[in-house]
Amino acid sequence: MSPVRASRRSADAYRYSSRDWLGKASAGLVCGVFLALGAGGLLARFALGGVGRFSLEHQFTMWLVSPLLLAILCACFMFRSGLRAWAWLGAANLLVWGLLLAVP
Amino acid sequence: MRSDVIKMYKDVHTWTGIVCGLALFIAFYAGALTMFKAPLERWASAPSVFGELSPLENVPVLVEQVLARYPEAGQGYQIVVQPSAQYPARMSWELPREDADEHHPPQLMHADLDAEGELVVARAAHSPLPQLVDELHEQVGLLLPHEVAMPIMGMIALLYGLALVSGCVVLLPTLVQDLFALRIGHNLKRMWLDVHNLLGVFSLPFHLVMAFTAVIFAFHDQIYAAQEQLAIRGSDKPQSAAAPATPAAPAVGAATGVVSGASLAPAALVARLAEQQPDFIPRRFVYRESPQRGPALVVFGDNPRYAMRSPEGGVAGLDPVSGAIEMTDYMPGMQDAWGATITSFFSLHFGTYGGAPIRWAYFFLGLAGAALFYTGNLLWLESRRTRQRARSAGAVTQRRSVQVMGALTVGVSLGCIAGLSLTIAAAKLLPALVADLELWHAGLYYAVFVGVIAWSFWRGVARAAVELLAFAAAATATIPLVSLLSLWLPGVGWNHADLSVLVDVVALAGSLVLALLARRTARRVRRAPADSLWFIAARAEGDAGDSLVTNA
């Protein structure tokens, strides 16, 4: 058996289960909230060129938080562990918030 | 799809569903009733002291007389074009109240001129009942302060969204073979699953909309605050679109003196509106004199061709002097893409588009939603009950979790139905008996709700289901009964000769359905196998101390 095939076999042997649900769901909720907020911020800052307080564009970015958060919450169970969920979603947060805070 | 992924999402679906199912039942049942809040408000409110509205042309005289006697009305008042139970007279204003917010509206005063031109003034007397139904819907039945209940509701809405998506993942592999199959037969779990899938898939868009919007309704303040702190920082540079955007309070005109009468009279305003927006039907004008912004004029109304932001209709800001429409962010048919998109979120939740057919569709979708959560709980119970082994001779005792969840499922859902029915029926009797209607309506609802749950635990699932269904049917029948009594007995209640009789008709139909369900459940209990949740042990009958579901 070649090493390539062996590694693929071991990857396929991973079985998803709801065992690590708390780790995954907490990552989905906490990182999801900040990611959704950050994504709305990116949209407001870079795509819309800034939005006024409570303007319709601001309201739209506020509404955006709900579908993004729900999508992240639903998808976070596809990470292989709670640790991986926190790492990936945390990294995504760093990227989004880095852009948001670093770019003047 | 991989079977382990499906199994994982099945676990997610099961646990999110079981945690939020009962709260969602209350939210959906009460929410279905709020679809007809206006007829319910009319039905529940005593006839007002005001007759027909005085002619629109006489409004300047009316305003002058009111302001002479009630100077505080100069802060802001409303001129009503289409009367309702909440606004029965031509003019209304708010009494100052500190704790007033959007969920506890301030006390309203009403005034109009009678046929002789005499001023008639009265405090608002419309029933607080529809507000209670609305609050039960918004707060998923929790008797808690709004600030505490809303975040709980929001978490439930998030779990609900998770349950919807995970449920779809579970169903996907067998979607084609399961969707149109309704296998009524020996396998009851199979049948409940088919019903659950059928309801879930066909009302999925409705449910996705409700989950997505409810999250925002729960958390919008927090999200706005967080965004201001973090996400859209530094964006406070002047924006052309940003200036006149404060919702429902546009700063229009300079110090033109709306209240002092320099503005257009309401009759002329209606004519000016009809010129600009022929399809718009104004409901009421709101005048506000604010020290910072000067006088402002806002009109609420309907445009049946467009989706509207709330059950109150659309809103436009007007120039009080010229009557020109100036603020169109929330005006149906005059919104830009952003405004129309945001309005679509609201109207998809409230069903404020498409007129009566959509209201009825939402009513039945709401009831179907309640049924979805009820069947979901039954599935949980069916898959967890202890089955009688083929050869075992001893007693089959159901697990504690099954007993508790079974009693809660029956108690919470039927308690909600019976409690709402009885507190609605009481609306025509309470005003003659007690002063604090709000307190009594809420007290009555929760007394019945808690009593029914207690009964369910005491009697056990099988007995309680039959007895409480019959009780809920009787409770719902009291709604048309009270109307009948009002017809026959002098001094009891009232009846309006209008569409609000719909409340009686729908309640009667609901009562019949509940009675039918009670009969079917009784038959089901008689035929239940010994290890079923619905089995009543013959020899344990009368033994009050026995566990909820047992087999002797």
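Any Cβ shown, glycine's included, is placed from N, Cα and C.
As recorded in TrEMBL:
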| type | residues | note |
| --- | --- | --- |
| TRANSMEM | B:12-36 | transmembrane segment |
| TRANSMEM | B:152-175 | transmembrane segment |
| TRANSMEM | B:195-219 | transmembrane segment |
| TRANSMEM | B:360-381 | transmembrane segment |
| TRANSMEM | B:402-427 | transmembrane segment |
| TRANSMEM | B:439-458 | transmembrane segment |
| TRANSMEM | B:465-489 | transmembrane segment |
| TRANSMEM | B:501-518 | transmembrane segment |
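Across the candidate stretches B:12-36, B:152-175, B:195-219, B:439-458, the maximum count of CB pairs under 8 A to the transmembrane segment (B:360-381) is reached by B:12-36. Here the transmembrane segment (B:465-489) touches the transmembrane segment (B:402-427). Their Cβ atoms form 3 or more pairs under 8 Å, with each pair 6 or more residues apart. Note on the transmembrane segment (B:439-458): residues 128-129, 132, 136, 141, 143, 407-408, 410-412, 414-416, 418-420, 422-423, 426-427, 430, 464, 467-468, 471, 475, 544, 548 of its chain, located 6 or more positions outside it, place their CB under 8 angstroms from a CB of the stretch.
Remark: the transmembrane segment (B:12-36) makes no contact with the transmembrane segment (B:195-219), by the rule of 3 or more CB pairs under 8 A.
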